[in-house]
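Asks: Take this structure, written in structure tokens, and hold onto it; I'll ask about it next.
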Amino acid sequence: MIQRNINRVALIGAGSVGSSYAFALLNQSITEELVIIDVNEDKAMGDAMDLNHGKIFAPNPTKTWYGNYDDCKEADIVCICAGANQKPGETRLDLVEKNLKIFKSLVDQVMASGFDGIFLIATNPVDILTYATWKFSGLPKERVIGSGTILDSGRFRFLLGEYFDIAPANVHAHIIGEHGDTELPVWSHADIGGVPVEELITRNPEYKMEDLDQLFVNVRDAAYHIIKKKGATYYGIAMGLARITKAILNNENSVLTVSTYLDGEYGEKDVYIGVPAVVNRTGIREILELTLSETEQKQFTHSSTVLKEILNPHFKEAR
């Protein structure tokens, strides 16, 4: 893996998510170099120009330019945001066929550059495409990471914070599983400032589990509501991607709910799925295996099964 004094992120895909991610990187000065790659050269060039014009207002200047796949050779992270977008009424899994073809071409071109860093995948269905990137690239599983349920967990913490009138930073809760319709809340490990959420419910009649069940539905279906209102989701996921990038480049050893490869954890194998993991400069340092309730384990197994059923027709020989 490349170790340089200057951090470089290569962004592939300058659509709504990609450009929002680039904006977040510059505003937080997360990387020293950012190269933008897109099939639409004018869009990528325009983004690079626009971002450079605002660079003096950022905490630190980030060298930003429009480039090509050769620039991936010295990248520490290649973040892929390219692909077909989710349309109203379309699930993330409906996008599989279209995006697998796109990803094969993208990953092949990145690897041909001599890239030896970490892949960060955002394109949906993210768990499927992260697995595909791992297979296409031949990189160690620890160095291929998907955004997974980082945004779902962020939505979860935000809405729980609203419900209990507590800052989201003091809400500790995870959404795990597929980034999609079969994801699940881990109520057994959700707490507010160290006090279990389930205990808060029993202590105070003002709080009801029925409310929290609906709260989770709002988390799960958030993307559909946002897509219906504005056509796409991009700010939240871009900020989540920036958070993962920061954890990698700063060697933070931070616990984030990302899509990572399971090899026996949670009773599952050969699948990329959203779980809490320790993220640092090497990628995934380790997976944190939560002790799930019986119901949660069944739901997680179902989520994993759904993903495997989608993967099987495309990677049957490899599996």
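Even glycines carry a Cβ here, placed using N, Cα and C.
What Swiss-Prot shows for this protein is this:
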type: ACT_SITE; residues: His179; note: active site, proton acceptor
type: BINDING; residues: Val17, Asp38, Lys43, Tyr69, Gly83, Ala84, Ser105, Ala122, Thr123, Asn124, Ser147; note: NAD(+) binding site
type: BINDING; residues: Gln86, Arg92, Asn124, Pro125, Val126, Asp127, Asp152, Ser153, Gly154, Arg155, Thr233; note: substrate binding site
type: BINDING; residues: Arg157, His172; note: beta-D-fructose 1,6-bisphosphate binding site
type: MOD_RES; residues: Tyr224; note: phosphotyrosine
Asks: Distance check, please: Cα of Thr123 (NAD(+) binding site) against Cα of Gly154 (substrate binding site), rounded to an integer number of angstrom.
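Replies: With distance taken Cα to Cα, Gly154 (substrate binding site) is 18 Å from Thr123 (NAD(+) binding site).
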Asks: Please report the Cα separation of Gly154 (substrate binding site) and Lys43 (NAD(+) binding site) in Å, rounded to an integer.
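Replies: Here the two Cα atoms are 30 Å apart.
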Asks: Measure from the Cα of Gly83 (NAD(+) binding site) to the Cα of every one of the recorded positions Arg157, His172, His179, Thr233, then give the nearest.
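Replies: Nearest by Cα distance to Gly83 (NAD(+) binding site): Thr233.
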Asks: What is the nearest of the recorded positions Val17, Ser105, His172, His179, Tyr224 to Asp152 (substrate binding site), using the Cα of each?
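Replies: With Cα distances computed to Asp152 (substrate binding site), the winner among Val17, Ser105, His172, His179, Tyr224 is His179.
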Asks: Near Thr233 (substrate binding site), which of the recorded positions Val17, Ser105, Arg157, Tyr224 can be found within 10 Å, Cα to Cα?
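Replies: Final answer, ordered: Val17, Tyr224.
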Asks: Can you give the largest Cα to Cα distance in Å, as a whole number, for the residues Val17, Asp38, Lys43, Tyr69, Gly83, Ala84, Ser105, Ala122, Thr123, Asn124, Ser147 that bind NAD(+) in the record?
Replies: 24
Asks: Of Gln86, Val126, Arg157, His172, which is closest to Lys43 (NAD(+) binding site) if I measure between C-alpha atoms? They're all binding-site residues.
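Replies: Comparing Cα positions, the closest of these binding-site residues turns out to be Gln86.
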